[in-house]
Amino acid sequence: QVQQMQAPAQFSGGSWKQKKTIFVRKFKSNVREFLYFFSLWGKTLQKIGNFGGGVQSYFIFLRFLVVLNFVSFLLIAGFVLIPSIVFRSVDILKYDPNPQGLVVFYEFFLDLLSGTGFMEYSYMFYGYYNNTVVVTSLVGSDFSYNIPLAYLLTAVFYFAFCLICIIAMGKAARVAVTTGGSDVRSYSMIVFTGWDYGCLGSKATKLKQRNIYYRLQVDLEEERLKKHAASLTLCNKVTLYSLRVLMFFVAIGLIIATFVAIAYATTFSQENNNVQGFLGLFYTYLPSIVITTGNFLVPLLCDQIALLEKYPPSATVVVALLAVVLRLVSLGILLYTLWNQIVCHGSTDTCPCHYNHSNYQCWETSVGQEMYKLTLFDLLVSIALLVLVEFPRMVVDHWSCNLTQWVGRQEFVVPSNVLGLVYGQTVVWTGALFCPLLPLINTVKFVILFYCKKITLFYNCRPALRTFRSTTSAFFFLAVLLFGWILALVVMIYSVAIHPSFACGPFRSFLRMWKIVPDSLAILPKGTRDFLFFIGSQAFSVPVFMCYFIALASIYGKSVAMLRAQLKLAGQDKQFLVKQIE
Amino acid sequence: MGTTASQLAKDSLSEYQELTFLTKQEILLAHRRFTELLDRDERNHPNPRVPMEVILTLPELKSNPFKTRICQVFSTSEDKDGSLTFEDFLDLLSAFSDSATLEIKSHYAFRIFDFDDDGTLDCGDLEKLVNCLTGETEDTRLSSEEMRQLISNILDESDIDKDGTVNLSEFQHVISRSPDFVSSFKIVL
């Protein structure tokens, strides 16, 4: 029988057309390999792919954030930082928090960690930037550079740029979702096409085998649970649902308790920010500590609750969403408390300058310091977790098997790691207006995080039991990131509307930060002013909206083309069936 | 038409280029790697045949779970012992090369998965296939209950004429829907 099954004789070498198609295909794959070489961490991501699609999409998301932060830093450096350095003039101000005289060595270390002292009056924070409008005459023509205007507009462009990047990646991910939809990861697909024959080495092979094993197990278990849930009696269903409702209220209670703790910790920290030494450091870091503890404990408890209620594994998406709400809203609570302190809880009698000038000579720098502390604490906690928790667990794994069975080998849990990234990025967006170097710090932080997580993955973890579907997960990550962006935008709009400090910063002579835009427009020459008014008027915006709708129509056209392709596939299925019957 | 010495004759080279999907460099590289597997005295043999154990020392095949099946499918020896001549080796590399078409690859994939060589994939073949994919050790095998559930699901999805086995055309129909089968069914020296 084997001899009868001859291989189809379609070898190459015959026609020139076949040679050409082969050449084109080879060329395309060569170009792709070449570009791969230049893309950041391309080979590492391929190796990570052996752990599963969900884990790989986490690392792809992390790489996207690193590139986004780095390009934003270049934007800010080009338009704000470098002109400030070049056109630096001596400022005669009463606000100078630089410590005078000799400084004890550990004070330097404390200042580095909390952004005070020598760091406070530096390019790091808002307070150091001048409000100068530079007018020089270079090469005969007048050259003027308005630093405050550049500062504000760069911040606005930074937000717009991040939004465009997120939407662009989201569209790419969404196309992947709709085209991948016809390729349902059914069992026969996994079994017949799941093996990668280019996998070299026994370690990579074992990893891939384990990955396939867990995928099959997870899918089979979900199917069994669904069948079981469908066969429950009415009495069982009632008890199950009432248990779920009870646990839901318990979870809500825990979350509200966390919010109250954060508000209290922030108020306490701001009231005690004059304490010196290590105790002072602890007080300044108190909000970060409370947020991190809450973000760690509450999802853990909710996970245990979910296990108790025997939810199917796909319902962990609900727990993930709950954790999203927790992380971002706790950040919002911290900011709200901080803002309340700054504007003296809204009462104007203690605030003649519309902000709390006795406690905060330069409130923007204080906010920037808070965001800086949050970012730094996040990084320190990640590294500490790696060294103090995951490494010993790996050592324990190697030595005794009983303890391992009790504690369980650790998995790389994708959703909580992604939330950590989104939280970190939201903090950076919120603080970028007040701490222009924060995107650079965040780039370095994410690069360190990439390597730490890579080490954790390769040496400590096994592939996760609950696999995230890779095509939908990329889209989910970007949706959560967009949510964080909206929070940061709300914060920025609110802070642009508070009265800037009188003592420091580029906007010290303005009533509101955004007032600089109308003022600058007024001094522009008439021609430019008319042009800008024209852009804002109806004669221009209507064609712009039309272009938007045309772009929307083209996207729908693409969806229509994709649906047509799916119909064609369905037609091919029918033809195949007919051939079988005949 | 065999390799006479350690150098490939020029007309053999062009002939192999015509008959396979490989380029000239790939054929020369294959020839070099194949001669490295031979002993000193075998190299002067007109058509040397390398036993399976020696072929499986190649790093590209060493950790592949389907290595024995691959050698058996491409072997042309009468005793079905999986030993390969140079031309069998070229056949193997051609089927696994970049330029081979989807029909060739799916044809050979079907033959590799057909463990009992009866022309269809029945339950025994599928069970051996899944065990190869998940690993041979005890703790990475699916339980018999899970295996039964998995095989019945696979047959539900791909067995269209409901005869309890997957034949070549049903197999090729499943493969045609996968976008990355062609790029994953690749072995490059």
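Just so it is clear, glycine is given a Cβ too, placed from its N, Cα and C backbone atoms.
According to TrEMBL, the domain 'EF-hand' annotation covers B:101-136, B:146-181.
Across the domain 'EF-hand' (B:101-136), the DSSP tally of helix, strand and coil residues reads 24 helix, 1 strand, 11 coil. When DSSP labels each residue, the domain 'EF-hand' (B:146-181) comes out as 23 helix, 1 strand, 12 coil, counted as helix, strand and coil in that order.
Looking just at the domain 'EF-hand' (B:146-181), the mean pLDDT is 88.
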